[in-house]
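Working notes, beginning with the structure itself.
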Amino acid sequence: MVPSQSHPAKTPRKQLKPPIEAVQSHYDRSNEFFKLWLDPSMTYSCAYFERPDLTLEEAQRAKRDLALSKLGLEPGMTLLDIGCGWGSTMLHAIEKYDVNVIGLTLSANQLAHNKLKFAEIDHTRTDRTKDVRLQGWEQFDEPVDRIISLGAFEHFADGAGDAGFERYDSFFKMCYDVLPDDGRMLLHTIIVPDAKETKELGLTTPMSLLRFIKFILTEIFPGGRLPKISQVDHYSSNAGFTVERYHRIGSHYVPTLNAWAAALEAHKDEAIALQGRQIYDTYMHYLTGCSDLFRDRYTDVCQFTLVK
């Protein structure tokens, strides 16, 4: 919630409202629909193709390995996953690092999916706590040891113009406050180039690009905002974080999106039966168009390793 000009004081974090309707309009389309074109782990963010011959499932596991390896996880720690999706990162962390997990999601379908997955875990092999909540970061205030957020930050800003990004201030302060003195956080988000990089890349803004951006913000991710690296730097440092590493992996989103589009096309009849022809066409346009954006470097992905 952005304060009005007549009331410049910042809104207290717990009075900020999570974008529940906007998030559910996309992620609650139906689990069955997403299963048609995501990999078996249901990971819905840029994969990491360490080698070009990896399958999408292998590349998604490599991405989770990459992200989790930057956190310094130890057995018994508690990992907070903000925007946990369908839970693949939490399950990976439990399996590989023997940690407790808390997942936050605004999707009712993802909540139900994660509860089922947690119930399937062999409790004779681990007694770690596994908690998933229908809750935004705005209401979270419990101590944790590490934080990860993959492909959710794009939903955290609000409104148009620079004022909409001020929610980042509250987000990073919450993260800083719940972490211990040696706390670490991995933030994986789509980014856009600043003016200098845009010029260096020779990027232009044709009408076709503007139409596609409007399509994405209207039909796919209403309310979505993409940050620049400088904005992550600014708001995270305001909270007290230092960026230990910037790791740009946007080139890997091209094969990720291409794999998703190919899988959706291969399941065209099933997708139409589930959601109708219009939704099928909309998602094909979204996936193929976004692949072009990453190919041409209008968008990128950066993993920020943040330390206290």
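Cβ from N, Cα, C; glycine included.
Pulled from Swiss-Prot:
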BINDING   44-45, 79-87, 105-110, 137-138  S-adenosyl-L-methionine binding site
ACT_SITE  Cys290  active site
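In the three-state DSSP scheme, Gly83 (S-adenosyl-L-methionine binding site) is classed as coil.
If you measure from the Cα atom of Glu138 (S-adenosyl-L-methionine binding site) to that of Cys290 (active site), you get 29 Å. Cα separation, Cys290 (active site) to Tyr44 (S-adenosyl-L-methionine binding site), rounded: 14 Å. Annotation for Trp86 (S-adenosyl-L-methionine binding site): same-chain Cβ neighbours under 8 Å, separated by at least 6 residues, are Asn31, Phe34, Leu38, Ser41, Met42, Thr43, Tyr44, Gln110, His113, Asn114, Lys117. For Leu80 (S-adenosyl-L-methionine binding site), the same-chain residues lying six or more positions away in sequence with a CB closer than 8 A to its CB are Val101, Ile102, Gly103, Leu104, Phe140, Val144, Arg146, Ile147, Ile148, Val178. The recorded positions listed here are Tyr44, Gly83, Leu106, Asn109, Cys290; among them, Gly83 has the most other Cβ atoms within 10 Å of its own Cβ.
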